[in-house]
Amino acid sequence: MRPAGMAELLAFLCAVGFVVGGVDVPGLGIPVDSIAAGLAVLVGLGSRPNAMPLPRWMPVLALSGAVWIALVSIALGNPDIRRLSHLAIDAIAIVVIAAGRLDRVALARGLAFGMVIGVVWGAATFKESAYENRLTGIFGDPNTAGLIIIVCAGLALPTLHKGGSRLIVAASAIAGVLLTDSRTTLLAACTMAAWLLLRRLRVNPWLALGLLAVAVLWVSTATHEGLGADAFSGRAGSDALRARIDEAALADVQTSPWFGHGAGTARALVDGLTFFYHSSYLSVRTEGGWIAFALVVGLLFAAFAALVKLGSRRVPLYEATLIGIAVCAINLGEVLMTVSSAAAVGISMQYAAITQFPRAGSAAGPSEEIQRFRRNGT
């Protein structure tokens with residue numbers, strides 16, 4: 001077992017790597033965030049857990065989605081080893097983080113540091129971006145950048161005490177999201193802000209969730225029907241292509257609705273060219289059918305429900321982060337089974353476990369997140 005200080009430092013460094021989704025490790029051709037997730041798993045397995053035992057369903061549900069997709073892939077005789085490896089690492093990372101083998105505060109602060117550096121670097125190289133007038137930097141494409149930024153901010157802010165640190169992280173996140181010019185990420189960020197407002201107004205969480213779901217579906221539908229077309233008139237061609245990709249994806253999904261086609265099959269053929277899906281929900285269904293969909297989305301919902309059940313010890317920003325992920329998954333192909341989502345679910349479940357079942361002698365004082373919420377409401 002490693003000393004606590006060393007374990008926290010390693011967790012911090014791994015979390016910084018979680019942010020780097022757009023850069024491959026030289027010689028390996030594997031994104032830095034995937035390598036960082038694998039290292040985090042190794043660090044976690046060699047560290048002492050600081051959380052109470054998780055509910056039995058949690059690790060089972062966290063691993064079952066990846067296991068199911070692996071079984072489907074093997075049964076169909078076309079296992080994509082690289083894709084399955086990514087899924088396995090992300091699933092194990094959820095369990096390791098949730099069990100407290102990686103300190104959530106160290107992880108969150110590593111995410112904050114990486115995100116701020118990424119936004120600064122993206123802004124400095126803005127004119128060199130492969131996407132004209134859109135931030136990419138170390139994150140990858142603009143949509144992925146937006147997802148990473150909102151997740152990092154949502155997980156980091158509850159753990160930061162100093163006003164200057166919070167201001168830097170919040171300002172970097174807002175600037176980063178705006179510079180990505182990603183409609184989906186903007187919608188997710190607005191939904192997260194609305195959730196925080198409804199929490200301040202003490203609206204019942206399930207009623208609030210229902211209201212936001214209706215609003216998001218309306219905005220998504222209206223956008224597809226032309227709402228905001230003037231503001232994004234330069235993307236008419238890409239929107240038309242997206243519609244064709246979605247149509248092809250739906251056709252693929254319907255050929256094997258319950259079991260899917262195995263790992264790495266969430267790609268659509270349009271005019272002889274191959275494109276990744278533009279909906280993470282469809283991606284999951286294509287790889288593992290409705291069964292994988294129920295397992296993967298069920299895990300996200302279960303983590304959210306565990307947070308909501310905490311009552312006076314709730315941390316709305318953790319809840320908002322999971323909501324933001326769910327919104328991004330509507331129009332982004334790689335969301336639900338990624339390093340970012342694994343970090344969000346793992347940290348959320350670690351906090352829920354520690355709060356519901358505090359260790360002996362640790363229940364006297366409120367957590368860092370609760371102290372932060374009582375002062376600032378987030």
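Heads up, the Cβ atoms here are built off N, Cα and C, so glycines get one too.
Because the structure is a prediction, the values reported are computed rather than measured.
What TrEMBL says about this protein:
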DOMAIN    169-296  domain 'O-antigen ligase-related'
TRANSMEM  57-77  transmembrane segment
TRANSMEM  84-100  transmembrane segment
TRANSMEM  106-126  transmembrane segment
TRANSMEM  138-161  transmembrane segment
TRANSMEM  167-198  transmembrane segment
TRANSMEM  205-223  transmembrane segment
TRANSMEM  289-308  transmembrane segment
TRANSMEM  320-347  transmembrane segment
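Counting residues 6+ beyond its ends, the transmembrane segment (138-161) has Cβ neighbours under 8 Å at 19-23, 104-105, 107-109, 111-112, 114-115, 117-119, 121-122, 131, 169-170, 172-173, 176-177, 180-182, 184-186, 188-189, 192, 315, 317-318, 320-321, 324-325, 328, 331-332, 334-335, 338, 340-341, 343-344, 347, 368-369, 371-373, 378 in the same chain. Across 57-77, 106-126, 167-198, 289-308, 320-347, the stretch most heavily in contact with the transmembrane segment (84-100), judged by Cβ pairs under 8 Å, is 57-77.
Of the candidate ranges 57-77, 106-126, 289-308, 320-347, 320-347 contributes the most Cβ pairs within a distance under 8 Å of the transmembrane segment (167-198).
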